[in-house]
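Asks: Reproduced below are the annotations present in TrEMBL:
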| type | residues | note |
| --- | --- | --- |
| DNA_BIND | 262-328 | DNA-binding region |
| COMPBIAS | 86-105 | compositional bias 'Basic residues' |
| COMPBIAS | 108-122 | compositional bias 'Basic and acidic residues' |
| COMPBIAS | 241-252 | compositional bias 'Basic residues' |
| DOMAIN | 262-328 | domain 'HMG box' |
| REGION | 60-132 | region 'Disordered' |
| REGION | 234-253 | region 'Disordered' |
Amino acid sequence: MLGRSFLGRLSTRLHHTRPRNVTHLSQKLVRFGIAPNVAVASLTYLLHSSRSFHSSIRYTASRSAAKTRKPAKAGRPTSDGTASKRAPRKKAASGNKSRARKKAAPKATEKSTRRVVSEKTKARQAAKTQRDEIRELKETALLKSEPQDSRRLDVWKLIVTEAWRGSKQGPSPLKEASERFHNLSPEEREHYNHLLNEKKANYTSSYREWVHSHTPEQIRQANKARVTLRRKLTTTTPNPGHKKRPKSHGRVIRPITDDRTVKGPRSSLTYFTRDRHQSGDMKGLRVSEAGKLIANEFNALTASEKEKYEIMQKEDAARYEREFKDVYGYDSPRRTRRRSNAA
C-alpha cells in the first residue's frame, strides 16, 4: 500500500518528475517487492508521454518568441543536465561610454590635424606676406639700379678681379693674384693706382647722375625703405662678440647721399656745442667726455644766456620748414604734427 500511494503521488506530478528518477524508484520497488512490474511500467510510460508533451509545448513557445527577439546565449550546463541562465550584463552603460569615447577620439584627431594644418597655413601665409613686403621695400629702396660702389676698391681687389676674369683650367686665381700682388714693381703699382683713381671718379659722376635721375621725394622714400630693410634683414655673425650686419644683394645697405636733401633743424644745444668746439677748450678730450662737459655747462646757463641759442633754433626751424616745402612739395611732418596737436 505504501508503494502504491507513493506511485500515485508521483503520477499527479508527472511534469515535475524526471524520468531517470522514476525509473530508478521503480527498480527499487520491484526489487523489494513493494509494487508490481505492470504498475511501474505504466507509470513510466505516462511519465515519458507527459514529458514529451510538455517539451513540445515549450519548443513551440520558444520558436514564437525567437521571431520577436534574439535568443539569449545558452549558459553552461549544470550538474543536473539543464542549462543555467546567464545573468544580465551590468556594464552596458560603461560599454556605451567607451564606444562614445572611441567615436569621439577620431574627432579629436581631426581637430588636432586641422589645428596643425591651420598653423602651417598661417606660417606659410606670414612668410609669403613678409617676402612680398621685403620685395616691395627693395623696389622702393632702389637697390638694383644703384651703381656699384668703387670708392672702397684697392690694388688687391683689382688684381683679384683681373685674375678671376682671365682664369681658366689651371692654378687657383687667388694663388695667382697673391703672387702678382707681392711681386708688383713700382711701375705696376703706379698703373693700378691710376686705374683706382679713374674708377672712383667715374663712380662719383655716375652716382650723382643716378641720384638726380630720381626726384627728391623718391630718394627720401628710398632711404626710409633702406632703414626698414636694415632692421628686417639684420643677420648675426657666427661669433657672438661681432656686431650685426644688415646685408642685401651681397652688399651692406647704406643710405643714399643726395645733395638736395633738406638738412634737419638744429637745437639750441647743437649751436652751443658748435661754439664750444670752435673755442678750442675741448681739444684733446674724448667725444664722450667733451659731451658730458658741454651738457653740464649748457644746463648751468642762465635764461638770458640761453636766449641767444633759442633764437637760433627758431630761425633754423623756420628755414627747415620753408626748404622742405620747396624741395618735396608738401609741409614737413613737424609742421603737420604741430597743426594736428593745436586742433
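Even glycines carry a Cβ here, placed using N, Cα and C.
Please treat TrEMBL annotations as automatic predictions, because they have not gone through curation.
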Asks: Count up the helix, strand and coil residues in the DNA-binding region (262-328) according to DSSP, in that order.
Replies: 51 helix, 0 strand, 16 coil
Asks: Could you pull the average pLDDT for the domain 'HMG box' (262-328)?
Replies: 93
